[in-house]
Amino acid sequence: RNKSDTMVDAAVMEKMEAGFAKLAASDSKSLLKKYLTKEVFDALKNKKTSFGSTLLDCVQSGFENPDSGVGIYAPDAEAYSLFADLFDPIIEDYHKGFKKTDKHPASDFGDVNAFGNVDPTGEFVVSTRVRCGRSMEGYPFNPCLTEAQYKEMEGKVSTTLSGLEGELKGKFYPLTGMDKAVQQQLIDDHFLFKEGDRFLQAANACRYWPSGRGIYHNDNKTFLVWCNEEDHLRII
């Protein structure tokens, strides 16, 4: 990359310096304030990821909301490495001692074909939900996504999911221009998601709403995918 690609814009730097001073003078109890020391701030403030994300993209929500519990959002996957001096101690503190050298233990669910019915009389279990978030390679996260990227991702997700057959066969519903009847049905099914809170909004995670967002569900309403809510994909 040439030098201009790695230089942080003067206006961004000015906003960053002002935000840091404001946070330092506050009585915030956030993990951001705890670990963004002057030394860490000075070491990271001139860095940019290959997506163009700066330290400001990570911390702007925490600067804006001193009542944050954490106060930091990763603007892309690379940020976890480039700004590790800030992310690592925050993650370790939040997850009660899970250090950067630690690894998740291997999953062992036993023989998944041998699970017994834990509630054969239907007395206790009403429903079960399994949910995971996934990111699409090659795209930044919400704080730095452009409207064109949101739309491009929605197109890929819609096209891919609409090709599913069998038990997973269903339909993709874009939030943009959604029919009122469809909207009400998705609300009734508890499927529809709303625009993010002030913490996400301050992180620039809700821009261009509802452009590039959508919901897929199968015909039986047992398989659901959210596109570009807070994660790229939330599979339920």
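Cβ coordinates are placed from backbone N, Cα and C, and glycine is handled just like the others.
TrEMBL entries are annotated by machine, without manual review.
For 12-96, the entry in TrEMBL reads domain 'Phosphagen kinase N-terminal'.
TrEMBL lists 124-236 with the feature domain 'Phosphagen kinase C-terminal'.
Sequence-distant contacts (6 or more apart, same chain, Cβ under 8 Å) of Thr128 (ATP binding site) do not exist in this structure. Feature annotation from TrEMBL assigns ATP binding site to Ser127, Thr128, Arg129, Val130, Arg131, His190, Arg234.
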Determine the minimum-neighbour residue: among His190, Arg234, listed as binding-site residues, which Cβ has the fewest other Cβ atoms within 10 angstroms?
His190
PLDDT averaged over every residue in the domain 'Phosphagen kinase C-terminal' (124-236):
95
Quick check on the domain 'Phosphagen kinase N-terminal' (12-96): DSSP residue counts for helix, strand, coil, in that order please.
51 helix, 2 strand, 32 coil
